[in-house]
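Everything on this sheet refers to the single structure shown next.
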Amino acid sequence: MHPPSRQDYVSISLTGQGSGSYNNSKHWRRQSCWRKWKQLSRLQRSLILFLLILLFICGISSYPTVTEHLKGLTDGEQDTDSNSVLKPVIPHVLPEPVKHGHPALPEQLSQRKLSNKRGPPILHRLQKKENASSTVAEDKPAGGKREGEEEGVISWHGAVIDTEHATEGTKDREKEDLPANPEAKSSKDSEASWLEEVREAFRHAWKGYKDFAWGHDELRPISKSYSEWFGLGLTLIDALDTMWILGLKEEFEEAKAWVTAELTFNKNVDVNLFESTIRILGGLLSTYHLTGDTLFLDKAKDIGSRLMPAFNTPSKIPYSDVNIGKGTAHPPRWTSDSTVAEVTSIQLEFRELSRLTQDPQYEAAVAEVMNQVHKLDGKLDGLVPMFINTNNGQFTHQGIYTLGARADSYYEYLLKQWIQGGKKEDQLLEDYLQAIEGVKKNLLQKSSPNGLTFVGELSHGQFSPKMDHLVCFLPGTLALGAHNGLPADHMDLARQLMETCYQMYVQMETGLSPEIVHFNMHQGSTRDIEVKLADRHNLLRPETAESLFYLYRFTKDHKYRDWGWKILKNFDKYTKVSSGGYTSINNVRDPDYPSPRDKMESFFLGETLKYLYLLFSDDPNLISLDQYVFNTEAHPLPIWPSTA
């Protein structure tokens, strides 16, 4: 039996509009909206009207920008579809931000036409959002300091990467907020402005060294202190010939006075044979040749004789370390090996010391090393392993081949010894030519998606697309060989590798190269270059500037100068310390905080700035490459006169 029914709802019938059916007519909706509008208070209606007027005004003001942006996107799509030429990426020169984190005021970028007549086939860059800033502002003057900036403190700043499109046949070059471009205006004034920028960079670095590290090995610019490696004034000696070449007479005389009064090698200290040879012996010999002052030759004889105990080994392959006070030598504590690069990259200096002193012992010692390496088993098409045992004289850790650390300058010195000696030592030339063919056969590959030519590594038959920044010496060495009559395809390869080395800079958010990169080789890769976290540091290295100098000196292609200029300005932006000096950094992928390492290597003054200065000079007789050969620390030594 069911309970009695109960009415639980109220039924309401609406009349008018079609017997209660839903009506969506425009007339009904207008009445409804008007009714709701009238129900609002006067204050609410006024506020809504104000907001609508404000939105209308904003829309009118932004209309040209929006249409220009949409037009640019459309043009970009058309270029991508119709033009296979790779487009350039231009890293802008930016200032330090206002202190306390306030963003710098943006400046309107001028519209620029880019010419691809001389420019490189530079790649689109895929920038990461977390590493890019939208702030663009005027660059601060070189050597300048912002108001309120503390001495010795670096203010780091973000960078904007502007992807712009080159137009085929465009005559006008990009106009940056830089000194006069020597390509656009080839006057002596424009060249002088670039050279003066390098001098200013050197003076700034020298100021830090003089104020905080005078007579010591290396400057620590952030902490306004120094570090010692050998305790022999390494930075000062390394920079002697740079000051002479740059015409910095006052600084040179200060340094010479220190060498005269303070430099002594009679110290109970262990030094690395290779580093002390290329930096100290090479620096003193070079300065002697440039100045004619026998003070530097006497010092060179002293250090050279003190390094000779390193060759007292069972195999005549030298130990890595020498005590220049005690006259003893030894291998590293952890091994009896020396690196192949170290024992085969001291020849230019010792050979020249023998020529100047008429004492054959120096040249004989280093020639024995080259003769043994020439005969050794364990090479791959002229490529050498990285280590050699000082007891038995055999290669160790075989099966690993690289043109990076521990092997790089072996190949460089094969060619340069041949040039130094007047192109008469055929064994050196044969080993060099064979090695370059070995590089082409085993280590040369192209990246994806844009086909950058790079030099990888081989480990027990397995190829690795890893390339050290150190390998960027190779374009310059190849070009030097081609200039001295070696095959023309060496110059072609030099140009390709030079482009790759520049891309290692321009594809980083700071515009500075990391220490090591890995190239993508898989189809479908979105960018050619990847950098591991541990490899993102920049040590102010010279190899790319070195090769740019050789390529410009031999080709006169002004794009190499342009590239060098951008690198110099990025050193200024991200590594310059206001109180003096430049610092290496930990992270080239983070322009907001590259993380300073608080160290200025001696080669920044000895090599990097020297090569940039020579790159910007149009005087082919300023260290003529037909009269001098540079050692691996950028110290020029004379090519021997022919005795035939």
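Just so you know, glycine gets a Cβ as well, placed from its N, Cα and C.
Curation plays no part in TrEMBL annotations; they are all automatic predictions.
Sequence-distant neighbours of the transmembrane segment (46-63) (same chain, 6+ residues past either end, Cβ-Cβ under 8 Å): 40. Positions annotated as transmembrane segment by TrEMBL: 46-63.
Under the heading region 'Disordered', TrEMBL lists 97-192.
Here TrEMBL flags 137-148 (among others) as compositional bias 'Basic and acidic residues'.
Residues or ranges marked as compositional bias 'Basic and acidic residues' by TrEMBL: 162-178 (among others).
Around Glu275 (active site, proton donor), the same-chain residues at least 6 positions away in sequence with a Cβ under 8 Å from its Cβ are Trp229, Phe230. Taken from TrEMBL, the feature active site, proton donor covers Glu275 (among others).
Its own atom aside, the Cβ of Asp408 (active site) has 24 Cβ atoms within 10 angstroms in the protein chains shown. According to TrEMBL, the feature active site maps to Asp408 (among others).
The disulfide bond feature in TrEMBL is assigned to Cys472-Cys501. Its Cβ placed at the centre, Cys472 (disulfide bond) has 28 other Cβ atoms within 10 Å.
Cβ-based neighbour count (10 Å, all protein chains) for Glu515 (active site, proton donor) stands at 20. Positions annotated as active site, proton donor by TrEMBL: Glu515 (among others).
The active site annotation in TrEMBL covers Glu543 (among others).
When Cβ atoms from all protein chains are considered, those within 10 Å of Thr632 (Ca(2+) binding site) total 26, not counting its own. Residues or ranges marked as Ca(2+) binding site in TrEMBL: Thr632.
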Spatial neighbour of Asp408 (active site) that is closest, considering only the recorded positions Cys501, Glu515, Thr632 and their CA atoms: Thr632
Those residues of the chain, 6+ apart, with a Cβ under 8 Å from that of Cys501 (disulfide bond): His469, Cys472, Pro475, Ser513, Glu543, Thr544, Ser547
Cβ neighbour count within 10 Å of Glu543 (active site): 24
Distance [Cα-Cα, Å, rounded] between Glu515 (active site, proton donor) and Thr632 (Ca(2+) binding site): 18
